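The structure appears right after this line, and notes come after that.
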Amino acid sequence: MFAVLMVLQWAVAIAVASWYSPSTWNGADRSIHPHMIIAIIGGGLLASLPVAMALLLPGRSITRNVIAVSQVLFSSLLIHLSGGRIEMHFHIFGSFAFLASYRDWKVLVAPTLIVVADHMVRGIWWPESVFGIATASHWIWIEHTIWLLFEELVLLITIRQSVAEMRSLAVHTIQLEAATQTAEDANKAKSEFLASMSHELRTPLNGVIGMTELLSESELDDRQRRFVDACQSSGKALLKLISDILDFSKIEAGHMVLEERAFDLRLLLDDVVLCMPLQLDEKRIKLSCHFQQLPTLQIIGDSHRLRQVLLNLLGNAVKFTEHGEIRFYVHPQRLNSDEVTLLFSIEDTGIGIPPDRLGSLFQSFSQVDNSISRKYGGTGLGLSISKSIVENMNGVIGVESREGVGSRFWFTATFRRAHDNREPHPKDPSKRASTKSKTSQLDSAHISFDVTASPVAQILLADDNPSNQQLAKEIVIGCGWQCDVVDNGIDALRALDSKHYDVVLMDCQMPLLDGFMTTKEIHKRIAEGRIGSRPAIVALTGNAIQGDRQRCLDAGMDDYVSKPFDLTQLRKTVSRLLVAQHC
Ligand code: ADP
């Protein structure tokens, strides 16, 4: 500000000199008045030092003092050039007001002394130059000084107040920053806690659900089967509860991040529908799917989250319908070459929802009434989680319902279209599978059948948890594949050095070398030629926390199975990778 002001004042000094005394006369001879020379050269000198210092040494105390001195010297110059006009003395008051913006009383000391000395010396010996009169009383400079000191007194009070305010603002800012940092640290700690809790909770559940699944495939009498089924459904209910609470925490913490991966919509819908029959059979209700208007679509988005919303809405429809039919519609609302907006709609002939509860249905922990929750179970989180997911997909969710008649839940979601001419990632199973019509028609059992017919696949399982080892090994061997087990990353690398494996099932959290580091090392060794052919790597992890799937894929893993994995899921994932490798 002062650098600009100095240059302006220089220009004003020249303007004042050329207005009041552009030239001087010596008889008939006219020449440039010394005022012009003083204005140009003196003003230039006065302005150049503070301008240079403001540009080169901004913010220094010496710069502030040089500027302050130059500023009042400009006042003296302008007063002199105007012939001591009293109005020009206001420039001094203006200068001090400007200098007060430094909020530093020390800056005002030197200029005050200069102004007082200037008025006194010039007032005594050259009063025309400062007061515009030839004879001036000595008291004039004293009177001017008193007015100046009065202004400074006011300025000093203002400076004190503003410094006190700035100091308290700074203290508040520091406290706020510290509080924000603490909150961020706490949030981070909470996320980490959730991630590890998620792992800790899912790992034993994985064992319970997986083992009961294996048990249910063996010969059991009716009583035993009832017990096993009860274990399995309790385990699954607990898993759903844990997942809902984790999702809810993620949404609360603003951590819900959607993935961007290409997937085949029809495959996903088939998959979702395949998950339903068990519950439908129990209730003898019919599920009809209406996907006729749906073209074959490769879209980019988060297939897992879309699946989660659909399973929640379909699951609710089944849960709250005793007889009749559930109709599942999907059709494109808007379709162009880059984007597609889909409308999903699930209609049931169930108990319906009273009109006064429709408004609060998508809020967390909202259930129509507690007796319903006791009869049907659930946490009341599913719909609010679905709403967040749908909104993250740039969509809206809604419901229409009549008590005793049925409900229609619908939502829209917008996805980018994946262009089919894109080169699929050689190891990306979802893209490989989706390019093959053969695979798209197969359900998990068929895929594994196909693959078991080929030479025995070699699987390496790296997991430190004994019950997980046992479960995954049982599943792998049950599929007719050969399985070696190691319990840390170092041993996994050793095993890969000595033998070829088609697929590595990699737990992410292992002692010595975790799954991410091990994968990195595998890729390094492949690049160096130390590992001959590249195995497909499947991450096994209980961390269902934000971006974990993406983290695994980014680390160079080919697919991801979150614990507790079920038989079908693991079989299907490994089968897909094997099919992809052999095609
Ligand atoms: P949850 O089902 O786990 O309790 P949701 O958020 O999915 O949680 O559902 C909240 C409530 O909305 C349910 O408890 C139920 O009262 C009501 N609701 C959801 N879907 C339906 C439906 N299709 N028919 C009747 N009521 C439903």
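For all residues, glycine too, the Cβ spot is worked out from N, Cα and C.
Per TrEMBL, the range carrying the annotation transmembrane segment out of 66-83, 138-155 is 66-83. Taking Cβ pairs closer than 8 Å, the transmembrane segment (36-57) reaches residues 2-3, 6-7, 9-10, 13-14, 16-18, 21-23, 63, 66-67, 70-71, 73-74, 77, 80-81 in its own chain, all 6 or more past its ends. Residues of the domain 'Response regulatory' (458-578) grouped by DSSP class, helix first, strand second and coil last, total 55 helix, 25 strand, 41 coil. Within 10 Å of the C-beta of Asp507 (4-aspartylphosphate) we count 27 further C-beta atoms, all protein chains included. Mean model confidence of the domain 'Response regulatory' (458-578) amounts to 83 (pLDDT, 0 to 100 scale).
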